[in-house]
Structure formats: C-alpha cells, structure tokens
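Asker: These came from Swiss-Prot, pasted as-is:
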BINDING   His96, His98  Zn(2+) binding site
Amino acid sequence: MNDNREQLTQQIIDAGRFLYGRGWSPATSSNYSARLDEGRALLTVSGRHKGQLGFDDVLATDLAGNSLEPGKKPSAETLLHTQLYAWSPAIGAVLHTHSVNATVLSRLVRGDRLVLQDYELQKAFAGVTTHEGQVEVPIFDNDQDIARLAGRVQPWLEAHPDCPGYLIRGHGLYTWGARMSDALRQVEAFEFLFECELKVLSLSR
C-alpha cells in the first residue's frame, strides 16, 4: 500500500469512527469514499460496521463504480460516489450518512427540495459567505435502482454547480468536499441545520 492510499484509507476509517460516534452512521449503514487519483476512488466495502472499519474494509474502484480488487464488493451505492468524482475534479471526498435528522426531515418536507435560509451556519458550506442567501438541498425519492437514481441526480448537479449536498427521501444525506475534513465539516453543518429545521417544524404545529 503506497503512502497516499494508506493516508486516505486512514481518513475513511477515522471518518467512520467519528460519524458512528455522533449517531449519524449506525451499524452497517452509510458509505464513505476518497479520490485516489484521476481515475480511481477508495470506498468502504459493502456491509461493514462504520464504527469498526479497518484497512481491509476499504477498496479501490474505477469511476464507473467497478471494484478493482477481486473478492471485495463495493457498496451498492458506489455509483453515487463515483458520479461526483467524474462530475467535479475538485471533489476529493464523499460522505453518505444515515442520521435520524436527515431521514425524518427528508420525509416531512413536501416537494423536491429543502430550502435553508437565514442561518449563520450556512457559511460552513464551501463558497457560501453570508447567511442572507438560500441553500437549496434537493430531495430525491429513494430508489433501489442506483443507476436510475444517479440519472436523476446528474441534471441537478449540472444545473447547480455550487450544490453542497443532497438528501434521499427516507434514506440519508450525501455531501462532499475537496478534502475529507471539508466533507466532515459539511456533514456537521447539515446536521445542525436539519435539527434546527425539525425544531421549527415541531414548534409551528
């Protein structure tokens, strides 16, 4: 294992422990990845407990989502990671989490997007410099056909190049960043904002 792969794998392992510890990636849910080079990514192996990841729980894939390591099966949702790397060369890490807040809020919001507005913490997202604007988070209906789901995600990405993440209804959050630390920051920001939105909804009833 070369130094770069070892470092990126350790970042994925550390991310898993952190996200599991916060309750955002329970049991074997969720999947994480990091760009290895121009044509490859490292992803978590399917079905592994995210709070107990080791070096054997990460594998390399090409950007079509195909495993490059015989005997290791990538997550069924690998294509949702690799499409992001293919879409933007600036993306270096992708995190998919299954928190209670993201799951419940995605079911409560009517329509195809969540609009975050007037929150100071919006500035935690890459490229956002003020609380005064809107951050639109698209919500896609869950689909076991991942290629079909990716086909619905792609037009949104193309039309919204500053998009910081998206929700899958009743499922969870996808977010990303130039580095793993950036992606983790965005997960934290989303979770705070999702909790705020849920409290607003509960108090307004």
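Backbone N, Cα and C atoms are what each Cβ position is placed from, and that goes for glycine too.
Show me how these features fit into the shown structure, please.
Answerer: Counting every protein chain shown, the number of other Cβ atoms lying within 10 Å of the Cβ of His96 (Zn(2+) binding site) is 25.
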Asker: List, in sequence order, the same-chain residues at least six positions removed whose CB sits under 8 Å from that of His98 (Zn(2+) binding site)?
Answerer: Trp24, Ser25, Pro26, Ser29, Ser30, His171, Gly172
Asker: Helix, strand or coil for His96 (Zn(2+) binding site)? Use DSSP.
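Answerer: Reduced to three states, the DSSP call for His96 (Zn(2+) binding site) is strand.
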